[in-house]
Amino acid sequence: LTGVLDDCLCDIESIDDFNTFKIFPKIQKLQERDYFRYYKVNLKRPCPFWADDGHCSIKDCHVEPCPESKIPVGIKAGSSNKYSKAANNSKELEDCEQANKLGAVNSTLSNQSKEAFIDWARYDDSQDHFCELDDERSPDAQYVDLLLNPERYTGYKGPSAWRVWNSIYEENCFKPRSVYRPLNPLAPSRGGLEFDGLFSRTGLCLEKRVFYKLISGLHASINLHLCANYLLEETWGKPRWGPNVKEFTRRFDPIETKGEGPRRLKNLYFLYLIELRALSKVAPYFERSVVDLYTGNGHEDAESKALLLDIFRDTKSFHMHFDEKSMFAGDKKGAKSLKEEFRLHFKNISRIMDCVGCDKCRLWGKLQTQGLGTALKILFSEKEIQSLPENSPSKGFQLTRQEIVALVNAFGRLSTSIRELQNFKVLLQQTR
């Protein structure tokens, strides 16, 4: 892949260099920090769109939840909006009953700040969230250590996986009504997770092209992770995981995919640009002194925030950002209607993730979808972010810890995808 991406003034080589030398090493370290490695998720939510066709019984589909004793005390107690010590006082940590009450905030806060926290907890997310959020208070919601449950090939495929992607592309992606190219899980030379990229070049407006590219890029990224972390062999109960060049070729080679493979990978780069732009835009939110990335370990929290701010400085230094101002720039009524359609389509896709039959695939699907949804929320909230108060929560723009963890890890997955793509280039050259 070379050259300039469609719909933006950025070339692939610049992204490769920027990711390899600046972003990838730092985002890897950040994902290992306690604040970002524990993600609370409900993997038992029923599929809202069709009758459950059973869960994957393959052992690699299993997700090992994290024992309560392993979760940092500052993360597991209190509100889902934990980013500051003020929202996690010592009394709250000692008293589980009190931790579940809206008013359980530091008594040293002013009444105004208390009201802001309470307002935050009750904040109606229906207008600015692009994702269906899990209820962290549900008894089915569990913390998962992402480092111990890596995204990789599980063997989950066939009609169940096909139906998920088919629903996403055919029912929730913008495309001309005249174009109908259903996926075929029974095609002999194509896998159940293949899709067609025709929709991205049939005269759609910028916003709808962007939406399709985001979903296509996410799909390409997920497929890359599976190819890069594939079960190569298992002898005497000892599995060996690594890159599978044959699988990579099947999913992305121009001949194997009838010319669509390179386009899918270009959409991955486009998605990377979108989430990179969101990180640069949300920096002021985290630069405030009220934000601690609180886990209960003051030293670790300070290091985590310093590393995150360092990454933000890198994102701001990138000189070929996507210009989101070009989107929804028409007449106000039409732009508002299109933006709402955009949001609802994406929210529906986040709900489809509860239909994935493999728990590990569902975990990473939900996380990466929520991360992208959070990025979109950021890009559409620039004015609210710029007017944030320095020392108290804002009513205009909030991020829950769940959203913050998803945002960082989703971008980390994209960074890894682009890095793995460089590895596959080398491996392909070696096999020729």
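Placement of Cβ uses the backbone N, Cα and C atoms for every residue, glycine included.
What TrEMBL says about a protein is an automatic prediction, not a curated fact.
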Cysteine of CYS47, CYS61 paired with CYS56 via disulfide, per TrEMBL: CYS61
Cα separation, CYS56 (disulfide bond) to CYS358 (active site, nucleophile) (Å, whole number): 5
From recorded positions CYS56, CYS61, CYS361, the one whose Cα lies nearest TRP165 (FAD binding site): CYS361
Listed in sequence order, residues with CB under 8 A of CYS56 (disulfide bond) and six or more positions away: THR154, GLY155, TYR156, SER160, GLY357, CYS358, ASP359, CYS361
Cα-to-Cα gap, ARG251 (FAD binding site) vs CYS61 (disulfide bond), nearest whole Å: 21
